[in-house]
Amino acid sequence: MAHRVTSNRVHARAPGKINVFLKVGAVRDDGYHELATAYQSLSLYEDVFASDASDFSVSFSGSIDTSALAVDGSNLAIKAARALARATGYRGGVHLEIEKHVPIAGGMGGGSADAAATLLACDALWGTACTREQLLGIAASLGADVPFSFTGGTAIGVGRGDELSPALAKGRFEWVLVLSDEGLSTPEVYSELDRHRERHLHDFRPISVTPTIDPNVLQALRAGDAAMLADAMHNDLQAPALHLQPGLARILELGEGRGALGGLVSGSGPTVAFLASDADAALDLQLELSSARLNAVRVSGPVHGARVLSS
């Protein structure tokens, strides 16, 4: 943005995501795992309202329980605002009101969406005139999923998942998400994967240093073929997530038995994503899962990444 906005409140929005494919490679020198993943942004959003303030603060509302979220400097949205202020020399602060709908610790990048929307909202509020490339650079410094929350759509991520390239995706994919009341710690899920691989070291082929995307995933996305994508979906973190929360296996079995083309744990979980053949099938599946007393939400993708809605 070229100038500071005249309003003292800016509204920005960013979507949650799922990983329709996630292959986890060996541990890198920096302690992170090498990844190859296919992201898709979904129509489940985080809304950030940024207002002028002398310091940095955050408050929460929305459709999910936010009582466990940090409201101090450890919160990723606060980190994003501070990082932008440091990068641009801005000397003021901001109050962030975040309306949350993406599950917390659910494997859908809710915190990353908060950070991406915060970067855009603060850039507009402060008139810091950052380029898209500058904002993406700050996003990458905050976490592996933040750059994708910023760009949205469908993309391939390598490295830590933050080295992005757009992926062609035809049409719209219809999903039903089953949200969990309990979160899963991403580091804990990765640690469980490492322990599992260590225990079964001789049962596996050597772990690839640089994992790759299954070509069938890319072909299915390009063709807009939901059935083909369902067959190709994969998540290396699903097994450790199921080990840590065994009840997820029942949810997967239930959804696939009630008409889903396929299902998988999203990212580090515990959100379970089911792919439906079309919007009507997604509605039917949502009703079936809801009747089983599960918190089922119907969404679609891909959608736009972070953007300012009003200023």
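Heads up, residue numbers simply count up from 1 along the chain you see.
Each Cβ is built from the backbone N, Cα and C atoms, and glycine gets one as well.
Neighbour count (other Cβ atoms within 10 Å of the Cβ, all protein chains): 31 for LYS17 (active site). The annotation active site is assigned in TrEMBL to LYS17 (among others).
Across the residues of the domain 'GHMP kinase N-terminal' (75-153), the predicted structure has a mean pLDDT of 96. Here TrEMBL flags 75-153 as domain 'GHMP kinase N-terminal'.
The feature ATP binding site is assigned by TrEMBL to PRO103, ILE104, ALA105, GLY106, GLY107, MET108, GLY109, GLY110, GLY111, SER112, ALA113. Around the Cβ of GLY107 (ATP binding site), the number of neighbouring Cβ atoms within 10 Å comes to 30.
Around the Cβ of ASP145 (active site), the same chain contributes LYS17, GLY109, SER112, GLY161, ASP162, each under 8 angstroms and 6 or more positions distant in sequence. Following the DSSP three-state reduction, the secondary structure of ASP145 (active site) is coil. Annotated active site per TrEMBL: ASP145 (among others), in sequence order.
If you look up TrEMBL, you'll see 218-290 marked as domain 'GHMP kinase C-terminal'.
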Problem - binding-site residues compared (PRO103, GLY109, GLY111) - highest count of Cβ atoms within 10 Å - result: GLY109
Problem - Which listed residue (ALA105, ALA113) has most other Cβ within 10 Å, given these are binding-site residues - result: ALA113
Exercise for the section: Please state whether DSSP places LYS17 (active site) in a helix, a strand or coil. Expected result: strand
Exercise for the section: Show, in sequence order, which residues other than PRO103, ILE104, ALA105, GLY106, GLY107, MET108, GLY109, GLY110, GLY111, SER112, ALA113 on the same chain lie with their Cβ within 8 Å of the centre of the Cβ atoms of the ATP site. Expected result: GLY16, VAL102, THR271
